[in-house]
Amino acid sequence: MGRTPWRILTLAAAVLALTAAAVVAVAQRSDDSRGASGPAASGPGRATAGPSPSPSLSPEPADLPDGPSGEPATVPAVRSFEAADGPGWAPGGSARVVADGDGPLDDEADRLAEELDAGRADEGARAGDVELVLDEDADTGREGYRLHVEDHRVTITGSAEAGVFYGTRTVTQAVNARGGLPEGTVNDRPDRPQRGLLLDIARKPFPASWIEDRLREMAGLRLNQLQLHLSDDQGFRVESESHPEVVSEDHLTKDEVRRIVELAESLHITVIPEFDSPGHLGAVLAAHPDLQLRRADGGVAEGAIDISDPAAGELIDELLREYDDLFPSRYWHLGGDEYVAALSQDP
């Protein structure tokens, strides 16, 4: 019994030795097989082979496979895809984006043509082209679309501009990921009406160009709302003519905001402004300390404005009215959180 553990250890050592030998043998065979065509096998009359090129992640048009195909590579994934036999579609030198130049899809067509480095045409779609179609009777929903690929041609149909636009995002994503679109039919629509990003530029200011880049990324992901958190204790980040004293050094000008809103609208994104009140007003109260809310013991209630003072209401009202035309969104966010008014009962 006392020698049994040693026998087990001896057996284990033997197994490890055999395993190591097998690994060495496999590695040796692998090296030998590589050497048959690699530099080690080079000799008189034999050309030295260089490293094999890495496979392309974006195949050329000729590389797109025939036969039943997988769904387009997109984020988010398309809702449904019916595969078909055929070569699919990839942008070529003669590719055009076809849409009525005087119609509502003209801007969408121009954008896609620029992104694909393709031509533009008002009518007469042919092989190699992408055609954009607005059909109010199409059963796609306002943000849905149907994308059909057949005979080297793409047709995107939607009942509204937003849906056709999202179809063009599927085209650009598929081209960037795999070089083109597979043969077949996509039926796609968002499963949520509100899909957004909250960007806090009050605590961390960002330049207008950076925000515009985020809008373009959002559009590719089919997001349709950008909530801009413009004011908080740490800063007030948009130009004001009625109360310039509250504006932080790092801020967006009104012209920059207009450009952001205009770009967002062209990408079917709604910009929702957020101006926090009556709490989180530290940046405003730094310029108006007389409107600071105080606790029962006389201490300062950080970031809170004294709503019992009529001047406080006038200040907030003037700021909001100033920005009414700047942000045409039907939605506004006015905060309302973390404010305790009854400080005599809850000091």
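Cβ coordinates are placed from backbone N, Cα and C, and glycine is handled just like the others.
Here TrEMBL flags GLU338 as active site, proton donor. Around the Cβ of GLU338 (active site, proton donor), a 10 Å sphere holds 12 further Cβ atoms from the protein chains shown.
Marked as compositional bias 'Low complexity' by TrEMBL: 35-51.
Annotation source TrEMBL lists domain 'Beta-hexosaminidase bacterial type N-terminal' at 72-188.
Each residue of the domain 'Glycoside hydrolase family 20 catalytic' (195-341) gets a DSSP state, and the totals for helix, strand and coil are 49 helix, 37 strand, 61 coil. Per TrEMBL, the feature domain 'Glycoside hydrolase family 20 catalytic' maps to 195-341.
The region 'Disordered' annotation in TrEMBL covers 29-107.
Residues annotated as signal peptide in TrEMBL: 1-27.
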